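This report refers to the structure that appears directly beneath it.
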Amino acid sequence: MLNQIIINKLNDQINLEFYSSNVYLQMSAWCSKHGYEGAATFLLRHADEELEHMQKLFNYVSETSGMPILGKIDAPKHDYSSLREVFEITLEHEKLVTSKINELVEVTFESKDYSTFNFLQWYVAEQHEEEKLFSGIIDRFNLVGEDGKGLFFIDRELATLE
């Protein structure tokens with residue numbers, strides 16, 4: 001059985017994952033509107049992935065006799081100046097999620113809740129992969145630039161990335 005402090009933190013993370021899905025879904029819509037179909041597809045997949053992260057946390061709280069509580073989810077930003085801005089914001093958002101996961105891991109360790117600590121290790125590894133992925137996308141912008149050909153190349157490659 002989880003203590004209430006950990007339940008509250010897990011619920012905060014559930015809601016952050018839900019918000020993350022909405023952020024990527026909205027970014028996908030912006031990309032689609034501006035002709036970046038590869039980026040739109042990529043971000044749509046990531047929106048679905050964030051929902052899976054949320055559901056995994058939701059189920060864990062339920063399975064451990066806690067009560068998952070869905071809070072108010074703010075509307076994400078919906079207008080961007082460029083495709084690069086979309087992915088710069090995405091990288092910063094993933095860094096925020098990483099910091100929140102790390103805080104949660106720290107609380108579970110200090111509380112000697114080793115079961116939840118162990119459960120969260122999947123998220124620790126996942127966040128490492130997410131930051132690496134989005135840093136790599138920014139590296140592509142730096143490498144090929146943002147002219148028409150560069151954007152075409154990046155958009156086409158995004159369609160193939162997981």
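The backbone N, Cα and C atoms fix where each Cβ goes, and this holds for glycine too.
Features reported for this protein in Swiss-Prot:
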| type | residues | note |
| --- | --- | --- |
| BINDING | GLU17, GLU50, HIS53 | Fe cation 1 binding site |
| BINDING | GLU50, GLU94, GLN127 | Fe cation 2 binding site |
| DOMAIN | 1-145 | domain 'Ferritin-like diiron' |
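Within 8 Å of the centroid defined by the CB atoms of GLU17, GLU50, HIS53, the record's Fe cation 1 site, lie the Cβ atoms of LEU16, PHE18, SER20, SER21, GLU49, LEU51, GLU52, MET54, LEU57, excluding the listed residues themselves. Ranking the binding-site residues GLU50, HIS53, GLN127 by how many other Cβ atoms lie within 10 angstroms of each Cβ puts GLN127 at the bottom.
Look at the domain 'Ferritin-like diiron' (1-145): DSSP puts its residues at 116 helix, 0 strand, 29 coil.
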